[in-house]
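Scroll down for the structure; my scribbles are underneath it.
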Amino acid sequence: MPSNKSVSDAPIVQFTNCRILRDHQLQREDLWVREGKILNPEKLFFDEKGSADVQLDCKDSIIAPGFIDVQINGGFGVDFSLATDDFKSGIELVSQKILSHGVTSFCPTLVTSPPSVYHQVLPQISVRNGGAHGAGILGAHLEGPFISKEKKGAHPEHCLRTFEAGAFQDLLATYGSLDCVQIVTLAPEMRRSNEVIQELTKRGICVSLGHSVANLSQAEEAVQHGATFITHLFNAMLPFHHRDPGIVGLLTSDKIPAGRRVFYGMISDGIHTNPAALRIAHRAHPKGLVLVTDAIAGMGLAPGRHTLGQQVVEIDGLNTYIAGTKTLSGSVATMDTCVRHFQEATGCSVETALEAASLHPAQLLGIEHKKGTLNYDSDADFLMLNDSLYVQATYIAGEEVWRQDALGM
């Protein structure tokens with residue numbers, strides 16, 4: 001009879017006494033992991049006649065896929081939109097620190113910046129797997145500079161750009177390279193934006209609509225050309241109007257191509273979006289909701305003055321403003337806080353809240369076959385949480401990378 005060693009010498013870990021989020025339900029079963037992947041126990045028992053080398057008692061914890069943050073501008077004093085000599089050590093610091101908030105992979109986000117910043121910073125961002133060193137990097141999210149002056153929010157006006165005759169070439173010249181780029185946020189009402197959307201989509205880059213005064217038909221046209229995401233819904237766009245709901249109208253549009261889903265980011269921090277607006281969006285289009293932090297360098301730090309790219313930002317409690325104004329500029333909320341606030345504000349199930357930070361962002365990026373789920377053969381990136389959705393431990397590729405008790409908390 002073959003033993004489990006005939007397939008691999010790697011140890012098999014069995015996580016017991018837990019509730020696993022699988023197929024949109026918390027299921028009372030064990031989680032089996034080998035070589036960084038989630039194992040199908042039936043194949044292990046019947047095909048390999050194998051068994052666990054190590055058993056871990058999860059003490060009735062919830063096990064959920066690791067969170068994926070597709071919009072994070074920095075944190076813990078690090079600003080991804082600043083070209084510094086130690087940029088790499090900054091990104092390492094953030095990727096390490098967000099493990100305690102359940103984030104196992106993320107898209108470092110750059111706000112509107114001069115071309116020189118993109119040319120310096122982007123070559124220093126490389127897509128990589130997570131591990132004990134920190135959360136995995138899925139690629140950069142470039143938010144601007146091809147956005148609307150009227151809805152620039154915290155983006156510096158002097159750096160905004162429009163598409164000229166060679167629209168896609170303009171974009172390439174501005175960014176310098178698209179090698180590590182995963183998402184680009186642009187305003188779809190800009191002339192020539194649709195040809196840019198098509199070119200980006202062809203290269204496997206996700207196009208997001210945001211910082212925009214687009215009407216609904218312009219937004220629908222952008223989706224028909226390949227856009228699949230909305231950057232922080234309700235923020236930096238025209239408010240919903242019953243005669244022309246603008247970008248918000250995409251949530252219930254009947255002009256979305258068959259088989260396509262439009263996703264939308266929500267900053268669920270209790271400040272950027274009123275709980276009633278969060279409920280409206282969630283009830284209108286629950287399967288498209290993606291929780292994002294939109295966190296800035298001041299996340300994890302004391303109130304005071306910090307940066308967001310070219311601007312100075314003041315943090316006052318949970319509010320962040322461009323210094324001297326009342327213009328909101330990113331958040332200081334962590335992903336686990338956003339998940340808890342979302343569940344509380346909408347009254348949704350625990351499963352729904354967890355999937356908005358894991359499954360949905362993975363589906364948006366087309367990586368749900370390996371991230372954002374606990375299906376067999378997917379990456380063993382997962383969290384242990386208590387019933388109140390506080391993170392107790394974070395695992396990447398089946399290895400523990402953070403635990404609350406380890407800090408004596």
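Placed from the backbone N, Cα and C atoms, the Cβ positions cover glycine too.
Per TrEMBL, these features apply:
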DOMAIN    62-401  domain 'Amidohydrolase-related'
BINDING   Glu143, His211, His232  Zn(2+) binding site
BINDING   Ala154, Asn235, Ala236, Arg243, His272, Leu328, Ser329, Gly330  substrate binding site
ACT_SITE  Asp294  active site, proton donor/acceptor
Worksheet, complete the sentence: Around the recorded Zn(2+) site (Glu143, His211, His232), other residues with Cβ within 8 Å of the Cβ centre, ordered by sequence, are Gln71, Val111, Gly144, Ile147, Gly153, His155, Thr185, Ser208, Gly210, Thr231, Asn235, Ala236, Asp294
Practice prompt. Between the Cα atoms of Ala154 (substrate binding site) and the residue listed as 'active site, proton donor/acceptor', find the distance and write it as a whole number of Å.
Written response: 12
Item to complete: Among Ala154, Asn235, Ala236, Arg243, His272, Leu328, Ser329, Gly330, the annotated substrate contacts, find the widest CA pair distance and round it to a whole Å.
Response: 30
Discussion item. List the recorded positions among Glu143, His211, Asp294 whose C-alpha is within 10 Å of the C-alpha of Asn235 (substrate binding site), in sequence order, or say none.
Written reply: His211
Worksheet, complete the sentence: Expressed in Å to no decimal places, the gap between the Cα atoms of Gly330 (substrate binding site) and the residue listed as 'active site, proton donor/acceptor' is 5
Worksheet item: Relative to the Cα of Asp294 (active site, proton donor/acceptor), which of the binding-site residues Glu143, His211, Ala236, Arg243, Leu328 have a Cα no more than 10 Å away?
Response: none
Item to complete: Output, ordered by sequence, the same-chain residues six or more apart from His232 (Zn(2+) binding site) with a CB under 8 Å from its CB, or 'none'.
Response: Gln71, Gly210, Gly265, Met266, Ile267, His272, Val292, Asp294
